[in-house]
Amino acid sequence: MEKAAGAPAVGGSYPQKNAEILSSQYGINLFLAGLLLTFAWAVHAVGISKSHLLSYLITLMLIQLLWMLWYRCRSCTQRRLIRDKDTHAGARWLKCGITLFAVITLILDSFKIGYYIDFSNCLSPTEGIFPVTHAVHTILQVYFLWCHAKDIIQSFKTLERFGVIHSVFTNLLLWTNGVLTESKHQLNEHKERLITLGFGNITIVLDDHAPQCNCTTTTLCSIFSQGIYYLYPFNIEYHILASTMLYVLWKNIGRKVEHHQQHKTPFKFHGITVGMIFGLIVLTSTIAIVVVYLIQIGRSKIKSELALTMFYLHAIFVLALMCTAGIVALLIYRLEDRSLDNSKNPARKLDAELLVGTAAGSWLLSWGSILAIICAQAHPKYTWYNLPYSVLVIIEKYIQNLFIIESIHREQEKVNDDIKTLRIVTVSRGSTLSLTPSYKEIYNGRAARGSGEVPCLCKGSICGRENGGGAKEETSQENSSVMHSASDFSFYSRNSVTNNKRRVLKNIAAFLFLCNLSLWIPPAFGCRPEYDNGLEEIVFGFEPWIIVVNLAMPFSIFYRMHSAASLFEVNCKT
């Protein structure tokens with residue numbers, strides 16, 4: 001009978017499991033079709049133009065817009081219903097971050113519209129329709145994520161799975177398109193720089209997708225064309241953040257959650273001054289290094305070599321500091337005895353998987369550089385700095401991943417209930433029970449002893465006894481005073497050590513947060529020694545190495561931004 005009763009519940013999960021499998025396969029096929037279109041446009045395949053790719057992306061965005069509008073309307077009609085929420089998903093700081101990237105993406109779309117107007121004589125109409133559609137899509141999607149990122153969908157689950165996964169892969173395709181467009185622009189610049197470094201044996205063929213007509217307003221065209229590529233890094237981060245938030249929403253469909261109180265963990269600057277100061281120094285110096293690098297690289301062989309040397313030395317120093325900070329944090333964790341939270345949490349699981357998965361991109365580049373240095377026959381002086389740099393990149397991400405993943409899985413530290421709610425129950429002379437002042441007053445020596453109350457600290461019990469004589473009462477008070485002092489000292493010592501550990505961990509998290517933002521800036525804005533070094537192109541060949549870099553670099557860039565977001569959460573949680 002028990003088996004028969006349980007059968008429907010088990011069988012009832014099959015349709016939803018099938019819906020999950022079918023929707024994921026639909027999304028993958030959607031993505032692969034778009035990926036092939038993107039690749040075909042990139043290699044100038046016969047019969048495939050940019051307008052075909054943009055038409056496909058416009059169609060996907062319009063379908064997502066219709067689904068989001070339908071979901072929003074249905075949510076408004078069911079406003080009175082109490083819905084489950086995933087308190088770990090869609091944190092406020094994450095929503096603020098994606099909003100910032102979305103605003104810059106809207107500026108990018110306005111630049112594209114201006115660019116299309118100036119070259120309207122020779123550009124396809126889809127190049128004008130795309131930025132308009134993308135702007136509308138961006139506004140509505142950010143609004144949707146602010147309102148529904150925490151939702152746990154329990155109705156129309158099959159339909160919603162397809163709608164959400166469609167949105168996930170639409171954003172991934174828009175991310176891929178942005179990465180490819182920005183990479184092609186960067187690649188043309190790096191090909192020209194290799195000539196100044198003396199690598200004349202590398203075939204230089206520029207991949208030009210510029211319009212085949214004159215601009216109506218030369219100054220504006222220059223501003224739009226240059227500005228677009230400086231804004232692409234923010235557009236890329238926007239779409240990858242949107243896809244991860246939507247993926248968590250997809251994983252939460254039909255999920256059963258335990259209703260428990262979620263402790264709010266606001267970000268506070270108090271106690272992280274040291275970490276912030278050192279982090280801001282790293283951030284400021286990194287911006288200065290990037291500016292000098294972009295000015296000097298490609299101007300002459302000597303200036304290019306100095307720019308590369310400067311970059312490597314600065315990166316080695318920063319990475320060494322980050323490794324040290326990460327090791328200290330892990331040692332503190334080893335000294336603590338706190339359990340891990342292993343409850344089911346899609347957002348936390350995705351964070352951990354993204355950290356390890358995206359770190360593989362920079363690990364691939366680092367191992368490629370290490371092999372190139374070992375196998376190369378000639379070694380310019382500046383290339384030797386690439387060896388410790390590549391080794392430190394591997395070690396630093398390994399340590400940082402351990403620190404972040406353990407931090408997000410550790411249970412939040414709670415104040416001991418015995419200490420927090422401590423009240424001393426005593427029996428007074430008049431044989432009536434009364435509560436003495438709170439523990440803070442006792443610690444400060446303000447407890448009322450003149451009333452004849454005899455406090456007694458017996459763990460887990462009430463020990464109030466009627467004292468027959470004054471001598472016994474006096475002895476009891478003295479013993480109680482000794483017990484108070486011992487208890488006070490023990491509690492204060494424990495609390496002091498714990499606070500010091502928390503303060504160190506918060507400073508480390510703040511420092512690593514700013515360091516990851518600092519290390520996101522160079523590759524995002526064109527400071528990429530993996531291109532400019534030249535040694536890897538000689539060992540592996542220009543085209544193979546460029547393919548590796550173009551595949552791995554987007555993951556490396558995303559890793560830094562995702563690590564910064566995770567470390568911000570760690571800082572709030574610690």
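Residue 1 is the first one shown; counting continues down the chain.
Note: Cβ is positioned from N, Cα and C throughout, glycine not excepted.
Taken from TrEMBL, the feature transmembrane segment covers 26-47, 53-72, 93-117, 129-146, 229-250, 271-295, 311-333, 354-379, 504-526, 538-559.
Segment contact is absent for the transmembrane segment (538-559) and the transmembrane segment (129-146), given fewer than three CB pairs below 8 angstroms at sequence separation of 6 or more. The transmembrane segment (504-526) shares the most Cβ pairs under 8 Å with 271-295, out of the stretches 93-117, 129-146, 271-295, 311-333, 354-379. Residues 53, 56-57, 60, 162, 165-166, 168-170, 172-173, 176-177, 180, 184 of the same chain lie 6 or more positions beyond the ends of the transmembrane segment (26-47) yet place their CB under 8 Å from a CB of it.
Beyond the ends of the transmembrane segment (129-146), by six or more residues, the same chain brings 54, 57-58, 61-62, 64-65, 68-69, 71-72, 90, 95, 98-99, 102, 105-106, 109-110, 112-113, 116, 167, 174, 238, 242, 245-246 to within a C-beta distance below 8 angstroms of the stretch. Beyond the ends of the transmembrane segment (229-250), by six or more residues, the same chain brings 23, 86, 89-90, 94, 97-98, 101-102, 104-105, 107-108, 111, 138, 141, 145, 148-149, 151, 153, 161, 164-165, 167-169, 171-172, 174-175, 178-179, 181-182, 185-186, 346-347, 350, 354, 524-525, 554, 557-558, 561 to within a C-beta distance below 8 angstroms of the stretch.
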